[in-house]
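Structure, as structure tokens:
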């Protein structure tokens, strides 16, 4: 592996990208960059508010801060390189750069998928067992949940990166994507990768369906608990909190399942590239908006921060 990382520029990969230089694609590129900017600012702001406002030092917001950190890293893994290639006219990416993209992408998608599933369990405990919530979701448990999510993603990312980048690749190194997406890269291998692709498919089934099953089971129990509530206001608050999580989950899992759980014969590069935009750029933008604009605590922390800035500027 060390020898392969010391490759010359002749072994660089070519990213064909998603945009041409037509007026329409220039407009679409501008939209993507606007979404990227909003995702960048939104996640940084949400992390800042959660760590600076004592009222947000609760398990739910701790998980949200980690989700925002994952989204922030995910959106910065692929979009800047895509933008540089589009604006400069160069489409190459080094062997090392491609390795890093694959490792980070698999790590972050895997970690975020598992964290979203465990966040559903957190909401179930909060709504169905509110009296036991401080005990069941204590600091140690929260750290274990977040730590297991990161550990699972890191191990998965490292393993898949090392395996994919040890395959020999043919002279035509054109990756039909806007980043080094693993399945697109495997098409360029000079050896039979069908066994590894089957292993990857099984891993994707586990990575997507296992946390998704936790979400379904948790929210089924949450729905039963909510329907048993006597207070209409309590039901409304519980449903509002859960609907935010379900919206984020729908975008993330919907796009990821469409990409990785379809049979290979139904996959097309154009569809994969468009759908990839959803969970690499759009979802990282929507998560902070969903969890902040629909959350009174976060909006209160934001207003408190603005008031401090206003008072400070008047002095």
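Cβ from N, Cα, C; glycine included.
Residues or ranges marked as domain 'G-protein coupled receptors family 1 profile' in TrEMBL: 42-291. Per TrEMBL, the feature transmembrane segment maps to 27-49, 61-80, 100-121, 141-163, 199-226, 238-261, 273-293.
Non-local neighbours of the transmembrane segment (199-226) in the same chain are 109-110, 113-114, 116-118, 120-121, 123-124, 127-128, 156, 160, 182-183, 235, 238-239, 242, 246, 249, 253, 256-257, 260-261; each lies 6+ residues outside the stretch with a CB under 8 Å from one of its CB atoms.
By the Cβ criterion (distance under 8 Å, sequence gap of 6 or more), the transmembrane segment (141-163) is not counted as touching the transmembrane segment (273-293), fewer than 3 such pairs being found. Listed as Cβ neighbours of the transmembrane segment (27-49) (distance under 8 Å, sequence separation of 6 or more from its ends, same chain) are residues 19, 56, 64-65, 68-69, 71-72, 75-76, 79, 83, 86, 277, 281-282, 284-285, 287-289, 291-292, 298, 301-302, 305. On the 0 to 100 pLDDT scale, the domain 'G-protein coupled receptors family 1 profile' (42-291) averages 86 in the predicted structure.
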